[in-house]
Amino acid sequence: MSGPVPSRARVYTDVNTHRPREYWDYESHVVEWGNQDDYQLVRKLGRGKYSEVFEAINITNNEKVVVKILKPVKKKKIKREIKILENLRGGPNIITLADIVKDPVSRTPALVFEHVNNTDFKQLYQTLTDYDIRFYMYEILKALDYCHSMGIMHRDVKPHNVMIDHEHRKLRLIDWGLAEFYHPGQEYNVRVASRYFKGPELLVDYQMYDYSLDMWSLGCMLASMIFRKEPFFHGHDNYDQLVRIAKVLGTEDLYDYIDKYNIELDPRFNDILGRHSRKRWERFVHSENQHLVSPEALDFLDKLLRYDHQSRLTAREAMEHPYFYTVVKDQARMGSSSMPGGSTPVSSANMMSGISSVPTPSPLGPLAGSPVIAAANPLGMPVPAAAGAQQ
């Protein structure tokens, strides 16, 4: 065996090669810390593997913010997330990093973000119309094309990491904790993304992946939305996950993919993969979801959910698909919020409309000796995991 065949991204291949080193060399990044006394925690929104997330108030201007208190991880990982958020700040539909502070007692870093009035996706997705799905998918694509054009892969695209304020039709791509800079020829860790959204490249341990990983994850989101099946590929572990995919896309194309890149398949797959034909997307349509499905939706989905990462649409190509013609037409007519890339302006006045008069929450006071770092549970009550708790 001569090892796997190398692969390079079809687009934005050399973005980081042409940037100064300080753009992507996050280990050398010097973090500028803000003042933690400016923030007062209000309530816990949820917890993720790497963080706890709180709603808070910036007491200098009474604006709502979200504070993500990072659990102890390698400094390198924290610096990577900060550098990526700073590089992407102001991009279309990218969550805005407002400040970085440190608790004086525990020395725990905390990231302060713009506040998004999110609706839990499990509730929201059940109510979305065909047009809504097209609209929000297009908004995610703006964020993905932007971060890819900036030489960055998100690597954790999933509903929990897409905040939607449905009332204002505002979307933000959050949780850049697994994001990484793309360097052609580099081999990356395959232990990224969440199981149901992991691309085949991760499941077969192919490390020279690229931005196209995010496009697979987006395809999984689209399938779950139009077919009303959450998640669409429901594996019980990482091995079963590939089996679930193979039962839909077929084993023949999987073996073609493995052969093309000279991938050595884990012997554990021998007993569980079996032989499966490729299924037509139409077989997932039924009376409850048919109003969300159209020929162009299925064509678009088919061009995302491909084993071969090089065969998937890029974010920019996806935005030009007929599935989005009505959305593009409407945004052009509305002048696209007068912003490049059609994003909602990220001025604090616009972000915080209607909440600038929120009174400072006096009952809580500074928590656990610090306005940022809370006691175990500041509200003294069970906190359900919020959508986006993985942030």
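For all residues, glycine too, the Cβ spot is worked out from N, Cα and C.
In Swiss-Prot this protein carries:
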- Asp156: active site, proton acceptor (ACT_SITE)
- Leu45, Gly46, Arg47, Gly48, Lys49, Tyr50, Ser51, Glu52, Val53, Lys68: ATP binding site (BINDING)
- 39-324: domain 'Protein kinase' (DOMAIN)
- Thr344: phosphothreonine (MOD_RES)
- Thr360: phosphothreonine (MOD_RES)
- Ser362: phosphoserine (MOD_RES)
- Ser370: phosphoserine (MOD_RES)
- 36-41: region 'Interaction with beta subunit' (REGION)
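Residue counts of the region 'Interaction with beta subunit' (36-41) by helix, strand and coil are 3 helix, 3 strand, 0 coil (DSSP-based). Each residue contributes its Cα atom, and for Leu45 (ATP binding site) and Asp156 (active site, proton acceptor) those atoms are 19 Å apart. All protein chains considered, the CB of Asp156 (active site, proton acceptor) has 22 other CB atoms within 10 Å. Taking the Cα atom of each, Val53 (ATP binding site) and the residue listed as 'active site, proton acceptor' are about 17 angstrom apart. The binding-site residues listed here are Arg47, Lys49; among them, Arg47 has the most other Cβ atoms within 10 Å of its own Cβ.
Residues Leu45, Gly46, Arg47, Gly48, Lys49, Tyr50, Ser51, Glu52, Val53, Lys68 are recorded as binding ATP; their most distant pair of Cα atoms lies 14 Å apart. In the three-state DSSP reading, Lys49 (ATP binding site) counts as coil.
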